[in-house]
Amino acid sequence: MASVETIDSDAPAVELIVCDASSSDSAANSVGSEEIEPLLAVSEKPKINIFSVSYSRRKPREQVTKSAEDASFTQFILWAWSGSRCSGLLCMALSSTIYCIMEALSDIFSAQSIPLFETAFTRCTVTLILSYFWLRRSGQPIFGPTHVRSLLVSRALMGYLSLLSFVYCIQRLPLSQAVVLSFTTPIMASIMARIILHEKLNIAEIGGLACSFIGVLFIFRPILAAQGGLPKAEEANNIYVGGSDHIYAVLVGLVSSISGGISYCLTRAGAKASDQPVITVFAFGMLGSPAAAICTFAFQDFVLPSFYSFFLMVILAVLAFFAEVFLARGLQLEKTSKATNIQYIEAALSQLWGLGSSKIAPSFGRLVGCFLIFASTCCTMYFGPDKEME
């Protein structure tokens, strides 16, 4: 309760007001709450104590290094794809490296024997699916522009003819001879590019291709000499009888190289005309998948793979898809003779992998062959980038 008391009548009147403690405290609290409430409404931060403080933890050095390496690798891939001066040759080098990784994985993780056409069917199917989603996500027409479809169909036909001929060749010839014949594809592609695409082929490019192919011959010379050595007298007649089949298989291998070279030229033309290299990969998958399925049941016995073998086949098929995409991108950006010369890196890297894993005995010929290939490809990459963006 408030009381009023007068001290003196003559002196100035002083009025003392005594307020109740409870009422004053409530008034003060109400005023203070009105002043503080807006501040709390703005921030609304919870109270912090020693149990609620979040201490910042530094990332381990290994994690920081790994994230930096991943970012650097991604930036390198994007730079190689972007269309810079060396992009075409780098894409071809990445494609050859992926093929070498596939070979290394096949050596490390051995699985059950799968027929070649069945393996081709798996790779073509995975290629078809991944390229379809790639094109849908990028907003590109699935079947390509109208004026490019004839090129895409021709590229698919030539590509599958090359695959079919190579499968026949690898079944009829020793593996080393079939591989050497397959490495004539860059030479055939350069010749066909001169005829079909009217690309100029100068002396330096011819010398680079010749140097790389001689390196391949040096690498496989011991095996070729062992397989093609002079026969004994009693074995001469049997070998002569089978000679016609051997020559026929070699001719089929050359057909595979020629059709592969034409396929490279059509891939370059289709990728440049459509401005999308993945369309050429999708076209090959559309034809190759059903054709390989027909050949699997027509010419070979179907083998049901185990889960481990099927998983390995899918992993290799995914890697093959990226190798084909980089191959198409490299042909789109770079001259055919220079781009295909980089493919010989695969042979040198395979030899280095075999030497490093002690699966191949070191020899002077193999080392000379690897040196010739690396010298030729390095000179091509250093002196010869010739990006064309017509």
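Note: Cβ is positioned from N, Cα and C throughout, glycine not excepted.
Features reported for this protein in TrEMBL:
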type	residues	note
TRANSMEM	76-102	transmembrane segment
DOMAIN	87-220	domain 'EamA'
TRANSMEM	114-135	transmembrane segment
TRANSMEM	156-173	transmembrane segment
TRANSMEM	179-197	transmembrane segment
TRANSMEM	206-226	transmembrane segment
TRANSMEM	246-266	transmembrane segment
TRANSMEM	278-300	transmembrane segment
TRANSMEM	306-328	transmembrane segment
TRANSMEM	364-384	transmembrane segment
With the greatest number of Cβ pairs under 8 Å to the transmembrane segment (156-173), the stretch among 76-102, 114-135, 179-197, 206-226, 246-266 is 246-266
Folded-back contacts onto the transmembrane segment (76-102), same chain, C-beta under 8 angstroms, at least six residues removed:
316, 319-320, 322-324, 326-327, 329-335, 338-340, 342-346, 349-350, 353, 377, 380-381, 384-385, 387, 389
Which sequence-distant residues neighbour the transmembrane segment (246-266)? Criterion: at least 6 residues beyond either end, Cβ under 8 Å.
151, 154-155, 158-159, 161-163, 165-166, 168-169, 172-173, 177-178, 181-182, 184-193, 196-197, 280, 331, 336, 340
What are the DSSP helix/strand/coil residue counts across the domain 'EamA' (87-220)?
110 helix, 0 strand, 24 coil
Best-contacting stretch, by C-beta pairs under 8 Å, relative to the transmembrane segment (364-384) and drawn from 114-135, 179-197, 206-226:
206-226
Find the member of 114-135, 179-197, 278-300 that has more C-beta pairs under 8 Å to the transmembrane segment (306-328) than any other listed stretch.
114-135
Top stretch by Cβ pairs under 8 Å to the transmembrane segment (278-300) (candidates 114-135, 179-197, 206-226) is 114-135
Taking residues 6+ outside the transmembrane segment (114-135), which of them lie with a CB under 8 Å of any CB in it?
141-142, 163, 167, 170-171, 276, 278-279, 281-282, 284-286, 288-289, 291-293, 295-296, 299-303, 305, 309, 313-314, 316-318, 320-321, 324-325
